[in-house]
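Student: Just dropping this structure here.
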Amino acid sequence: MHPASDPICAPASPLLPSAVALVRVSGAGLASRLGSLLKLPEPRVATLRTLRWGGFAERALVLFFPGPASYTGEDLVEFQVHGNPLLVRRLLGHLACLGVRQAEPGEFTRRALLNGKQNLLEAEALRDLVAAETDTQIRLAQARAGAQPGWITEARRALAPWMARAEAAVDYGEEEGILLNLKDLAAELEPLRARFHVEQRRSRAARHLQDGIRLALVGRPNAGKSTLFNALAGEDRAIVTDIPGTTRDVLEVRCEWRGLPLRLYDTAGLRETEDPVERLGVARVGPILESADLVLHLVPAGEEGSSLSKTTLAPYQGKVVEIRTFADLAESSGIAIAANLGHLDALESALKERLLGGLAPDACFGALATDRQVRLLDDLTEQLDLLLGLEPGCPPELPASMLQGAWGLLARLTGEDRAETALDALFSGFCLGK
Ligand SMILES: Nc1nc2c(ncn2[C@@H]2O[C@H](COP(=O)(O)OP(=O)(O)OP(=O)(O)O)[C@@H](O)[C@H]2O)c(=O)[nH]1
Ligand SMILES: [Mg+2]
């Protein structure tokens with residue numbers, strides 16, 4: 001473990017030839033640490049300086065943010081230098097000679113968190129913002145990065161007085177006749193419980209959107225998988241012919257379709273075949289089914305249900321959705337589409353119903369969205385459900401411990417409990433210089 005404020009540095013832009021590269025330095029006392037390299041400019045004023053070291057003379061635009069009014073809460077200096085990867089490495093090498101070590105992934109944000117500049121929810125949102133691949137994902141992450149959800153503050157405000165009352169009832173109840181009125185507690189906390197349930201629904205949808213929805217397209221040869229794949233992707237990525245067994249390999253594309261960030265997988269048509277190449281393709285479908293959020297089983301309209309449902313797809317029953325293709329050629333009930341004509345409204349409604357619980361993507365903005373967050377929100381909701389279901393006359397220790405539990409879960413959610421495991425898991429997913 002490094003001391004919390006030892007100086008660190010990292011490139012904040014990729015090490016690729018580019019117009020400009022950004023190098024960040026953070027730590028205590030940077031003015032003296034970097035004194036031999038440059039005189040730090042006036043705070044928050046972009047200033048040209050010539051950095052001289054080891055025979056180099058690099059004109060750099062320098063920004064100085066004295067702590068605590070900086071991203072990390074410490075002194076922070078940003079150098080904009082020419083985007084030559086070797087030059088950047090040489091600069092980092094020289095900084096090492098000045099006692100500024102290379103930062104670990106996410107270490108700048110970790111310090112921001114430890115110095116109270118942001119909380120765990122914001123840090124997770126930043127990670128998701130950097131990783132976002134579609135417009136909706138960027139907007140979702142931005143909404144989460146801006147501010148902590150208001151309901152967390154409301155929850156604390158509502159729980160705090162009841163925690164105090166429950167503690168008093170535990171400590172002095174018998175001698176002094178201080179009793180906890182569970183009926184009042186239930187009446188007062190009911191709106192909070194309702195809010196938790198709403199947030200649960202929103203956050204499940206938001207997690208799907210932020211992660212990207214893994215959709216596997218399966219069915220017999222010529223069921224129309226590749227046609228649908230191309231229609232959703234908005235481009236001709238897969239070869240489409242009327243020859244059964246056209247697709248051999250698994251194809252993947254990431255796209256956004258009608259506000260849904262998708263990871264689509266086109267697969268070889270599932271059938272018994274002697275063709276060794278096609279058999280290999282069929283064998284590759286298993287792992288795709290395993291990791292999919294939903295498996296779209298394509299069955300041409302007018303056909304009997306296929307035997308795949310009882311064989312290959314049986315283990316994934318919970319996430320298989322039957323889609324009727326060729327709806328332009330035959331009548332069909334259920335979710336019927338004609339991807340070649342772009343008739344896909346039924347699929348859109350089915351996906352939004354199934355994955356977003358009927359919510360519009362916009363309705364998920366600001367909701368919690370990571371696995372960790374959703375798990376904690378589930379625990380929190382359960383805790384409140386239990387608390388509000390307590391029978392009158394139960395010993396005050398019970399509600400007291402449940403209120404404590406809910407309070408603790410809120411602290412874990414925002415990272416105020418400083419649990420190192422949660423921080424390690426988060427920051428290992430960050431890039432250098434963030
Ligand atoms: N009329 C009509 N034709 C379709 C529809 N979907 C696909 N087709 C046609 O059906 C044929 C087979 O479509 P593909 O998308 O290649 O089917 P596939 O399931 O990928 O087939 P394999 O890769 O061989 O497993 C092509 O000629 C498509 O143009 C549809 O909804 N309506
Ligand atoms: Mg195909």
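Even glycines carry a Cβ here, placed using N, Cα and C.
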Student: Given that TrEMBL lists Arg24, Glu78, Lys117 as binding (6S)-5-formyl-5,6,7,8-tetrahydrofolate, which residue among Lys352, Lys434 does it place in the same site?
Tutor: Lys434
Student: Near ligand 2, meaning Cβ under 6 Å from any of its atoms: which of the binding-site residues Arg24, Lys225, Ser226, Thr241 fit that description?
Tutor: Lys225, Ser226
Student: Which whole-number value in Å describes the distance between the Cα atoms of Asn222 (GTP binding site) and Ile243 (K(+) binding site)?
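Tutor: If we compare the Cα positions of Asn222 (GTP binding site) and Ile243 (K(+) binding site), the gap is 7 Å.
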Student: Which secondary structure state does DSSP assign to Asn222 (GTP binding site), in the simple three-class scheme?
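Tutor: Asn222 (GTP binding site) sits in coil per DSSP, no helix or strand.
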Student: Under a threshold of 6 Å between Cβ and any atom of ligand 1, which of the binding-site residues Thr246, Thr247, Lys434 are retained?
Tutor: Thr246, Thr247
